[in-house]
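**Q** Let me give you the structure first, and then I'll get to my questions.
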Amino acid sequence: MADVTNGERCASPQELFSSIAAQGELVKSLKARKAPKEEIDSAVKMLLSLKTSYKEAMGEDYKADCPPGNSTPDSHGDPEAVDDKEDFVDPWTVRTSSAKGIDYDKLIVQFGSSKIDKELVNRIERATGQRPHRFLRRGIFFSHRDMNQVLDAYENKKPFYLYTGRGPSSEAMHVGHLIPFIFTKWLQDVFDVPLVVQMSDDEKYLWKDLTLEQVYGYTLENAKDIIACGFDVNKTFIFSDLDYMGMSPGFYKNVVKIQKHVTFNQVKGIFGFTDSDCIGKISFPAIQAAPSFSNSFPQIFHGQADIQCLIPCAIDQDPYFRMTRDVAPRIGYPKPALLHSTFFPALQGAQTKMSASDPNSSIFLTDTAKQIKTKVNKHAFSGGRDTIEEHRQFGGNCDVDVSFMYLTFFLEDDDKLEQIRKDYSSGAMLTGELKKELIDVLQPLVAEHQARRKEVTDEMVKEFMTPRQLCFHYQ
């Protein structure tokens, strides 16, 4: 990777912010591979120059997790306040006017994260000795924070752990909900590390018109789907916030520490809270942040507070963890690292993500083979032409075709995926044929998941959700 060019050439504070983040990653990479001192010194000098330019432009010091303009509450939490041509992403709303979906390169700049480039993918392959997951090969996980730092630790035999989660708002999960768990399972397998899975039933109670009994019931049902992804009970702890907060003083102490060091003004700026929001919403971000710190799980880590955390999640969850990364050094903990995924689009198109609240926008894990076929044929947005003649002549548009997008997530064979892309783009393959390819992938995927889920008993769920020592030993 070459040095970032001079800060004065950046067209905006956002671009300058992104340049600093990229240069910071370069410095870390050079140090990790023990590059010559002159090369490291040159990169550090460039980084300091960029930070000076940023301070001159913004009137304040660069902060890694606070992109310029990101703390203004005027439009946060209100997608209607955003220009129709702009993408809008927060933990509750994803919207774009583009049929191609969110512009993820712009989002990297806006959020101040770093792109997962080929160099990083290759480094993961070298570190694990395993072929990169298709989600990495195809840019589905596209952005990160401090992944090089995690790899540095791993290569030096230092431990880390994984943290991901699920907000249980319905009894049935859809195929889009599988994305973080499929990838997290792969990460756990190749790195051989512990995993904690937060079931944020408290969040869903605060945000949705649901009872405590309903959200807790959804937690238990969703836990069965998560377990059915193949996680090892000896390496995985799944917990309900409603349960765990009351039985783990270490977890609650971290929640309180975070709450003390984050102001109401900060959470308003990050999450768009208003004066009419209940106080539970305002305090919830601290609960989602707490699993990022290892001493929140004394039964696993025996009180150690310095074990690095890696969080695979969709990028709409990043605001929670920007806040977490900002507060971590102030309470004496390492910043969590993150791997961000793209959104799984609704059947009707990539302008929004798949939603469990709209049955026609989603392929549920409870759907029958017939329901899957009907939904894909009837609702999946097509990039094909209006007539067969036009399609044969001009070809289809894979960039907007939902069936092709879904195949990029679930079809393992890279060569077959590329052949489908070529055939559809050239007009050799028709929309109906492309949809059949997707149906042939989704039907067995869902059926196999259903078969595994049937094997998950209430006793197995209880075992996964019981606080206990896992098969890792910490001093």
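Cβ atoms here come from the backbone N, Cα and C positions, even for glycine.
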**Q** Of 218-222, 248-252, 338-342, 353-357, which span is tagged motif ''KMSKS' region' by Swiss-Prot?
**A** 353-357
**Q** Need the matching range: Swiss-Prot marks motif ''HIGH' region' on one of 168-177, 358-367, 368-377, and I'd like to know which.
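**A** Feature motif ''HIGH' region' in Swiss-Prot: residues 168-177.
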**Q** How many neighbouring Cβ atoms, not counting its own, are there within 10 Å of the Cβ of LYS158 (N6-succinyllysine)?
**A** 12
**Q** For a three-state summary based on DSSP, what are the helix, strand and coil counts in the motif ''HIGH' region' (168-177)?
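**A** Tallying H, G and I as helix, E and B as strand, the rest coil: 3 helix, 1 strand, 6 coil.
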